[in-house]
Amino acid sequence: MSDNDELQQIAHLRREYTRGGLRRHDLPAEPLPLFERWLRQACDAKLADPTAMVVATVDERGQPYQRIVLLKHYDEKGLVFYTNLGSRKAHQIENNPQVSLLFPWHMLERQVMVIGKAERLSTLEVVKYFHSRPRDSQIGAWVSKQSSRISARGILESKFLELKQKFQQGEVPLPSFWGGFRVSIEQMEFWQGGEHRLHDRFLYQRDSGAWKIDRLAP
């Protein structure tokens with residue numbers, strides 16, 4: 001059998017999920033403490049990029065798009081990420097702020113999905129975070145007109161060296177086209193893999209100022 005033939009056998013790739021379950025008595029009254037516990041466990045397990053999350057948006061035709069970004073802050077007000085404001089996702093959020101986030105912690109047989117509304121961060125919040133980044137990352141933010149078409153990587157590298165020279169003295173200024181978003185938590189779903197595909201799913205949903213918790217069928 002050729003390598004290509006083996007690749008075509010993906011329908012037979014499967015495994016049992018045996019790392020544990022999630023029961024109602026394990027659940028706090030609000031979702032954030034459980035999210036924080038799972039995130040801490042993902043970090044402690046040395047997962048690659050435990051703060052990586054998929055951000056799903058839609059364009060004006062209803063076409064969905066997904067990409068991975070890094071979570072940079074979270075609290076009761078929502079989950080925060082930063083991006084180029086000229087990017088496709090930023091334009092789509094401007095037209096439709098309803099987004100979905102997904103944390104795929106495969107090695108722990110866990111997923112967390114968030115549904116909420118994205119809102120722009122204040123300039124003060126963005127400036128504070130921007131200047132906490134490594135200096136080369138600050139310069140890199142100036143280089144790319146995100147999602148635009150370019151003919152070669154060399155264009156980016158040349159621009160980076162040019163701007164590194166330009167900003168060699170003093171602080172790198174915040175680009176006017178760079179910012180961040182906070183995604184409110186309207187729903188948060190926790191998924192824990194289970195044996196025989198009997199996975200555990202619990203959905204937290206805001207209900208008149210409180211949190212309603214439902215178990216969902218896998």
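From the backbone N, Cα and C atoms, a Cβ is placed for every residue, glycine too.
These features come from Swiss-Prot:
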BINDING   R14, R15, E16, Y17, K72, Y129, R133, S137, R197, L198, H199  substrate binding site
BINDING   67-72, 82-83, 88-89, Q111, 146-147, W191, R201  FMN binding site
> How long is the line from the C-alpha of R133 (substrate binding site) to the C-alpha of R201 (FMN binding site), rounded to the nearest angstrom?
Replying inline: 36
> From the Cα of Q111 (FMN binding site) across to the Cα of R14 (substrate binding site), what is the distance in angstrom?
Replying inline: 17
>> Using CB atoms and a 10 A radius, I'd like the single residue among the binding-site residues K72, R201 with the highest neighbour count.
In response: R201
>> Helix, strand or coil by DSSP: which one applies to L71 (FMN binding site)?
In response: coil
>> Let's check the environment of R133 (substrate binding site): how many other CB atoms sit within 10 Å of its CB?
In response: 15
> Hey, what's the widest CA-to-CA gap across R14, R15, E16, Y17, K72, Y129, R133, S137, R197, L198, H199, the substrate contacts in the record, in Å?
Replying inline: 44
> How would DSSP class R197 (substrate binding site) in three states?
Replying inline: helix
> Measuring Cα to Cα, how many angstrom lie between R88 (FMN binding site) and E16 (substrate binding site)?
Replying inline: 38
>> Using a 10 Å cut-off on CB atoms, tell me which of the binding-site residues R14, R67, R88, R197, H199 is the least crowded.
In response: R14
> When the Cα of Y82 (FMN binding site) is compared with the Cα of each of the binding-site residues E16, K72, R197, H199, which one is closest?
Replying inline: K72
> CA-CA, which of the binding-site residues E16, R197, H199 lies nearest V69 (FMN binding site)?
Replying inline: H199
